[in-house]
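Written below as C-alpha cells is the structure these notes are about.
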Amino acid sequence: MIEAAVVALVVAALLVLPGAALAKAAGLPGASALAAGPAVTLGVVGFATLWLGFTPIRWNLVAASAVFLLLWAAAAYRGRVWPPVEPAEPMSRRSAATIGSGVAIGAGIFSYTCLRWMQLRTSRGFDNISQVWDALWHANLIRFIAETGVASPIRTGELINSDNHDGHFYPDAWHALVALGEPAAALLGVRSGYPQLYNIASVITPAVVLPISAAALTWQLARGKLGERWAAYGASAAAAGSALFPSLYEEEAFGSVPSAVAIALAPVVAVLAMSCVRDRSRLPVAVLALAGVTAAHPSATVVVAALLMLWWATQLLWSPVATRLKDFATLAAIPAGAGALLAPMALGLRSASNETDAFPFYWYDLTLTHAQAALRTAGLVSRTADESAPFEHRAHLMLPLLAVAAAGLLAALWLRQWWAPVLWALFVVVATNDLVPFGPGVCHPYPQCGPLPLHPDGRPSSDWPSFTVPWFLDKASGSFYHDPHRLAEVLTLLVTGFFGFGVAAALCCAERLLRPAAFARRWAAPSAFGLVMALILGYGHHMRLERGALASSSRNDWLVGPEDVKAYHWLAARPDVNGTVVLNQLEQGTGWMYAEAGLKPMFAHYRSPSFSADQACVYWFAASAGRDWRVADALRRLRVRYALQSPPNYWPDHPDPFVHLIDAPGVLPVYHDGPVTIYEFRDLAVRHDQEDPVVSNDQNHFCKG
C-alpha cells in the first residue's frame, strides 16, 4: 500500500508541478498556475515528444527535465520583459484555500473509491489487469515509451505494427508523462510494474484534473455575478461534488482515461483563454495548455472551441474588453499557436479520422423514443458499464445532484451566463442523436436510423448529405467516436459547474434573506457551506461501494486471469525467448504479455491496423509450419519461436486459427495451464516441395515465400 501511495504521489506531482512552475514563472498567480499546471505539463510533453521524434534523442526523465528547465528559464525571462497585468480583483488567499479544500475532497473521494475497491476486490490488487481493450493499448504504450524513448504520437506504428512499422497516429502525451513515473518512483526506491503504474495513473490523473476543472468552470460562471466569496464556495462544492457523478467512474471502467483527462481539462483551458483578453501576457501559457489537451486527446479541442465560441458570441461580442477585433484576434491566436506547436500532428489527425470513419462506434438504443433518449442523456445515464442496473435505480441516485444542478442552470440563465447552458443543450442533442438518430426516413433493420445512405449491414453511413442537421450532429460526435459515454463526460463537467453555481446562488440568496438577523451575520454562510461539504462527503461514503464496483467492472479476469500472468512469466524466464517475437492470438488479450512480463508479442493490441503479409501468413496458417516452407520461412523472418493461445476471444464470433495448433506437425505444446497453452515451433518445413494445400488455396495469397 505504501509503494502504491508513493507511485500515486509521483504521478500527481509529475502532472501538476512542472506545468504549475512554468505558469507561475510566466506570471500567473499561484492558484491559477496550479489550476493550469496539468494542461501546461501535457502541452510541454506533447510538443516535446512530437519534435524529439524527428531526432535520435530519447524521451526520458533527463530529456523531460531539460525541456522543462529551458522553458522555465525562458518564461521567467519573458515575465520580466513582459510583466503580467495586475488583476483588478485578485483571488484572496481565503478563497484559494476554500477552493483548494474542495479540490482535495473531490480528488480524495474519487481516488479512494476507485483504488480501495481495486486493492481489495480484484485479483492481484493494484497489479490487476483490466479486461477492456483500451487498457491493453495504454499499458503497452506506456512501457514502450519507457523502454525505447520513442514517444512521438506519429511513431506509434513502431509498437502496433511491429513488423512493417507502418505509420500510425495516436495522441500519447498522457502516456509519455506516465512513462516518466517508473524512473521517478525508482529514484525514491519504489519499483512498480507497468500494469500497476497504469492502474494507479488511470485513477490519479482524472482524480486531480476533474475537481480542478469543475472549480474553474464554476468560478468563471459565478465570480462576476455573485462575487468572490460565493464563487469560492460554489467552486469548492463543485470540485468536491465532481467525484459523485457516475459517468466519471464509467470512463475509468471503459479505460478511456487519456480522453477523459483531456476532456476534463477543457474547461480549465477555456477559462484560461478567456482571461487572456484582459491580460495578453498569458497567451503563451494558454497556447501550451491548449496544446496539452490536444496532445492528450484531440476530442477535448472540440469542447474548448465550443466553450470559447459561445462565450465570445454571447458575452464578449456584446461587451468587448478592448475592441471586438482585438478580442477576437487574442482568442484566435491561441489555437493558431497551438497548431504551430503541434503542426506535424495534422497528418496523424487526418489518418486517425479516416480510421475512426472506417470503424465507427454506434451505440443506438432504438427501443427508446427521442424524448426518452434526451432524458437519459440529460440525466447522465445514457450508457453505463453496469448496464444490468435498472435505469430507475441509477436515475434515483442522481436526483439530488441533478436538482441542485438544475437550479444552477436556471440561475445561470437568469444571470445571463448563457454560454454554458447553451453548450449543455447542444451536447444533449448530440448525445441524444447517438442513442436515437434524428432525421426522416426508415431503414432496415433499424427504425428511425436516419437518412440514407446506409452501410451494408444496415448501420447509418457517416456520409450524410452535407450541411444537414444529421450531418452536423454526426460530425460533432465523430471526435468522441459517436460514443454516448464520452459525450456524457462533457455533460457531466457542465452539470458539475451548474451544481457549484447552484450552491453559490443558494448560499448568496440565503445570506441576503437572513442579513437582518444578527445571528446570521457571521456564521450562517460558513456553516451552510460546511453542511454542503459534509453532505458531499456523506454521499461519497454512501456510494463508495457502488461507484467502486462500477469503476472496476472490467477487472473480472474473463480474458486475462492468473493463469495467463503465470504463463507470461514462465515464458519470459526461458533463455531462448530473448530476441524473439511471440506469436499471439490478438483477440484474446494476450498482448498483455508485454506490459506484464516484457515479452514482445507480435500483436500489442486487440487488433492491428496494418498486418504485414508475413504476419497474416503465420497468424492464419501457423498450424502449417511443419508442412509448408512458406509459413516456416515467414516464422523465421519474424523471429517467432513460440505461440501463445488463451481463449476466449474478445469477439466470440470471430474464427480462431490457433485451434489447429494442438495436433499440428512441427508444433509442440510446451506449457498448459487452464485456458493457456504455449506452443514451440521446432520441426519447421525446409524443402520447397513441402506445400500445404490449405495454404496454396488461400485466395489472399498471404504466404508467398
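Each Cβ is built from the backbone N, Cα and C atoms, and glycine gets one as well.
Please treat TrEMBL annotations as automatic predictions, because they have not gone through curation.
As annotated by TrEMBL, transmembrane segment applies to 33-52 (among others). Beyond the transmembrane segment (33-52), the same-chain residues lying 6 or more positions past its ends with a Cβ under 8 Å from any Cβ of the stretch are 14-24, 58-59, 63-64, 67-68, 71, 151-154, 171-174, 176-177, 205, 208-209, 212, 215-216, 261-262, 265, 268-269, 272, 285, 287-296, 338, 341-342, 344-345.
Here TrEMBL flags 59-77 (among others) as transmembrane segment.
Distant neighbours of the transmembrane segment (97-115): 4, 8, 31, 126, 200, 203-204, 206-208, 210-212, 214-215, 219, 232-233, 235-244, 248-249, 252, 533, 536-537, 540, 543-544, 547-548, 551-552; these residues of the same chain sit at least 6 beyond its ends, with a Cβ under 8 Å from one of its Cβ atoms. Sequence annotations record features per position, and here TrEMBL assigns transmembrane segment to 97-115 (among others).
Annotation comment: TrEMBL describes 255-273 (among others) as transmembrane segment. Within the chain carrying the transmembrane segment (255-273), a Cβ under 8 angstroms from the stretch's Cβ atoms is held by residues 32, 35-36, 38-39, 42, 130, 132-135, 138, 171-175, 201-202, 205-206, 209-210, 212-214, 216-217, 219-220, 248, 282, 285-286, 289-290, 292-294, 296-301, 303-304, 307-308, 311, 331, 334, 480, 485-486, 489-490, 493, 497, 554, all 6 or more beyond its ends.
Packing against the transmembrane segment (285-313) from elsewhere in the chain are residues 19, 22-23, 26, 28, 36, 38-47, 49-50, 153, 171-174, 258-259, 261-263, 265-270, 272-274, 276, 327-328, 331, 333-335, 337-338, 341-342, 345, 349, 352, 418-420, 422-423, 426, 476, 479-480, 486, 490: each is 6 or more residues past its ends and has a CB under 8 Å from a CB in it. Summarising the annotation, TrEMBL assigns transmembrane segment to 285-313 (among others).
Residues of the same chain lying 6 or more positions beyond the ends of the transmembrane segment (328-349) and with a Cβ under 8 Å from any Cβ of it are 43, 46-47, 50-51, 54, 153-154, 169, 171, 273, 276-277, 280, 283-284, 286-288, 290-291, 294-295, 298, 301, 305, 308, 312, 316, 322. For 328-349 (among others), the entry in TrEMBL reads transmembrane segment.
Residues or ranges marked as transmembrane segment in TrEMBL: 397-415 (among others). Within the chain carrying the transmembrane segment (397-415), a Cβ under 8 angstroms from the stretch's Cβ atoms is held by residues 221, 225-226, 241, 244-246, 379-381, 421, 424, 495-506, 539, 543, 546, all 6 or more beyond its ends.
Per TrEMBL, transmembrane segment is recorded for 490-510 (among others).
Within the chain carrying the transmembrane segment (522-540), a Cβ under 8 angstroms from the stretch's Cβ atoms is held by residues 101-102, 105, 109, 113, 229, 233, 236-237, 240-241, 243-244, 400, 503, 507, 510-511, 514, all 6 or more beyond its ends. Taken from TrEMBL, the feature transmembrane segment covers 522-540 (among others).
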